[in-house]
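**Student:** Let me give you the structure first, and then I'll get to my questions.
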Amino acid sequence: MPNMEPTTKEIKEQKIYQEMGLTDSEYELVCSILGREPNYTETGLFSVMWSEHCSYKNSKPVLRKFPTEGKQVLQGPGEGAGIVDIGDGLGVAFKVESHNHPSYVEPYQGAATGVGGIIRDVFSMGARPIAMLNSLRFGELDTPHAKYLVSEVVAGIAGYGNSIGIPTVGGEIQFDPCYTKNPLVNAMCVGLIEAKDIQKGQAKGIGNPVMYVGAKTGRDGIHGATFASVEFSEEGEQQRSAVQVGDPFMEKLLLEACLDVIRDHSDILVGIQDMGAAGLVSSSSEMASKAGAGLELIMDDVPQRELNMTPYEMLLSESQERMLLCVKKGHVEEIQALFERYGLEAVVIGQVTDDKMYKIIHHGEVVANVPVDALAEDAPVYHKPSKEPARYQAFQEEESFVPVMEDVVGVWKELLAQPTIASKRHIYEQYDYQVRTDTAVVPGSDAAIVRVRGTEKAIAMTTDCNSRYLYLDPKVGGAIAVAEAARNIVCSGGKPLAITDGLNFGNPEKPEIFWEIEKAADGISAACLELDTPVISGNVSLYNETDGTGIYPTPVIGMVGLVEDLAHITTQDFKNSGDVIFLIGETKAEYSGSELQKLQQGKISGRAPELDLTTEKKYQQLLLTAIQEGLVASSHDLAEGGFGVALAEATFKAGLGADVEVPFELNQLFSESQSRFLVSVKPENEAAFAQLMELEKVYRLGVVTEDDTIRVKHKEDQVTAKTTELRSIWQGAIPCLLK
């Protein structure tokens, strides 16, 4: 078949490079770097490697703001995943990754391959994946297409995670109209590693072979990285070829084989990296660039599952379940023998060179020859103009929303039926969250917890972000996202260690959007510094807009914490009647950005809830101390729906009730004031708990009751609700909406 690729002249004159994702100035920069016009393959290499998805060219100035260091950090940003130290020679590797655009076009495969990709990132570090989480955003469940997206995305996550045998243990889902045509699918993987086994994605040692392992290369996913770096349109729905297809059973074999190599052949393994976004070109050029080396690849040797593939297609394909290894000379047969035991191909496709060039050979001809750093390191970095949106000042000056609360119990029931608040059991029951048998706290509490085998320790993990707060005030909302994640870890008995961030925003070329990105990063950074949770990995997903309509700023925070002793594991549900109920933190009339405002006004506006990071840190440390001293029976973070929702949720599991008198007016029952915790303690621990919390804003509210009635009083006012009725509404809402 003749090669019909455009000539260098056609690429320039017809501006074909623009269709591939390069701007005029970027194309001119490539010409300047090469001292000539790039051919079609070279233009393709630069277009994907200089995409936002691979180069972070728009977000780098913002990412530099994040604190990335701490005594607990074993590996910060720059590798497949970040790693924190948990003692005993062990580390926890984790990262969040987005697969937003593919999940709108092809929701099952888009979500499934997002899971597969993040798993490979974690095991490429040498870590065994032990848990998956996800953070999902959809439009309102009022159209068949919205229901289809939810069902298919969840099925894709479940299909891949369940098949590969990694438990999906937690996550969050929010529903808002801005996500109708811009769903967000962020997957997080957590792995356990012996510190001595930490790997690097590098190709060094002149003459060392580079080996391709795993599935054969097809034409799926070509320009997937570019596809994820442009604004979406209705026509974009036709770009199904940019969505990859996953095979979890192949990935399971690849995972076990790679971990075998790392464990048993670390002396001959130089580096290992996943072929993710931008496929072979990304992994190979990054590995060489990190090592200060060059690379020569023979494309004829790349395993192919389709006929007549061009070097361009092989390099840019995002076919799944593929890894790239660099091994020491003379040991290829050993590596091949190991992979053959798993029925996997392991093929030498090139070698490390000393000239810092990225040379591609096909049919004996050099088809691309460019400086490797130009691809992997030297993408232009843009300092985008930033402008405060007009809405921000309007929100600051707006009269506060006052909810209609004539029928408090009626509002309570309505809130529990909102899909963002309602039980997600219908969704998480599709996930196998008990596989591997180490899940200590299953989905449905504040954080998931997975035991560390052979120790008394456990890992607490969560994903969090209330994007409505970020829409009102991205700096405050960014800080709240980190604070809430830490609250969830602490409520579960864990000490927060570090975060991974999935930065989902609209089009950064709009100054108002870039302002959101900058301010959100400022808020995240401030909270991470105060709470000592450095950013050790992450992902940026921009251009989440369709036909000019963008999402709320949605920086998903994935956080991991250490539970020092299994005895410290704490859940949100009340345990025994007679236990004493306390509220930590102050409740104010803060409804802007709340579920209640959305319910009653049909929109979000006003000033975001206040957050005092000093107070937040103090309350978290006090509560964690109380948990570690064995004083706490249950602990629950107050989030969407405020006190009323948290109190109801605490009664549901055991079907208990509560009799409480609150220090705030009943119309503030659903306020979303920050830095609050609902805690229950056994009567014999009440005095010790109260003494520990002395001088703080901690209120004794009442007791857990045996009947299934919740009574809430303030002075002369009282409301009463049946636990069973509230639970029925809460559990039935999402199955009903998805019908």
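A Cβ is built for glycine as well, from the same backbone N, Cα and C atoms used for every other residue.
These figures come from a predicted structure and were not determined experimentally.
Swiss-Prot feature annotations, pasted as is:
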ACT_SITE  HIS53  active site
BINDING   TYR56, LYS95, ASP501, GLY538  ATP binding site
BINDING   GLU97, ASN539  Mg(2+) 1 binding site
BINDING   SER98, HIS99, ASN100, HIS101, ARG120, GLN244, GLU318, SER319, GLN320, SER541  substrate binding site
ACT_SITE  HIS99  active site, proton acceptor
BINDING   ASP121, ASP274  Mg(2+) 2 binding site
**Student:** Would you find the one among the recorded positions HIS53, LYS95, HIS99, ARG120 whose Cβ has the most company, meaning other Cβ atoms within 10 Å?
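**Tutor:** By the 10 Å Cβ neighbour count, HIS99 comes out on top.
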**Student:** Show, in sequence order, which residues other than TYR56, LYS95, ASP501, GLY538 on the same chain lie with their Cβ within 8 Å of the centre of the Cβ atoms of the ATP site.
**Tutor:** LEU63, PRO77, VAL96, THR500, GLY502, LEU503, VAL535, SER537, ASN539, VAL540
**Student:** Report, in whole Å, the straight Cα-to-Cα distance of GLY538 (ATP binding site) from GLU97 (Mg(2+) 1 binding site).
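**Tutor:** Between the Cα atoms of GLU97 (Mg(2+) 1 binding site) and GLY538 (ATP binding site), the distance comes to 7 Å.
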**Student:** Using only the residues recorded as binding substrate (SER98, HIS99, ASN100, HIS101, ARG120, GLN244, GLU318, SER319, GLN320, SER541), report the maximum Cα-Cα distance in Å, whole number please.
**Tutor:** 20
**Student:** Around ASN539 (Mg(2+) 1 binding site), how many other CB atoms lie within 10 A of its CB?
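**Tutor:** Cβ-Cβ neighbours of ASN539 (Mg(2+) 1 binding site) within 10 Å number 24.
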**Student:** Out of HIS53, SER98, HIS99, GLU318, point to the one nearest GLY538 (ATP binding site) in space (Cα versus Cα); all of them are recorded positions in the record.
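**Tutor:** Minimum Cα distance from GLY538 (ATP binding site) across HIS53, SER98, HIS99, GLU318 lands on SER98.
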**Student:** Of all the recorded positions given, namely HIS53, TYR56, LYS95, ASP274, ASP501, which is spatially nearest to ARG120 (substrate binding site) at the Cα level?
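**Tutor:** That would be ASP274, the closest of HIS53, TYR56, LYS95, ASP274, ASP501 to ARG120 (substrate binding site).
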**Student:** At the level of the C-alpha atoms, what whole-angstrom distance separates TYR56 (ATP binding site) and ASN539 (Mg(2+) 1 binding site)?
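**Tutor:** That comes out at 9 Å between the alpha carbons.
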**Student:** Could you check which of the binding-site residues (ASP121, ASP274, ASP501, ASN539) sits closest to SER98 (substrate binding site), going Cα to Cα?
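**Tutor:** Of the binding-site residues ASP121, ASP274, ASP501, ASN539, ASN539 has its Cα closest to that of SER98 (substrate binding site).
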**Student:** How long is the line from the C-alpha of GLU318 (substrate binding site) to the C-alpha of ASP274 (Mg(2+) 2 binding site), rounded to the nearest angstrom?
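**Tutor:** Between the alpha carbons of GLU318 (substrate binding site) and ASP274 (Mg(2+) 2 binding site) there are 11 Å.
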**Student:** Hey, of HIS53, LYS95, HIS99, ASN100, ASN539, which of those recorded positions are within 10 Å of ASP121 (Mg(2+) 2 binding site), Cα to Cα?
**Tutor:** LYS95
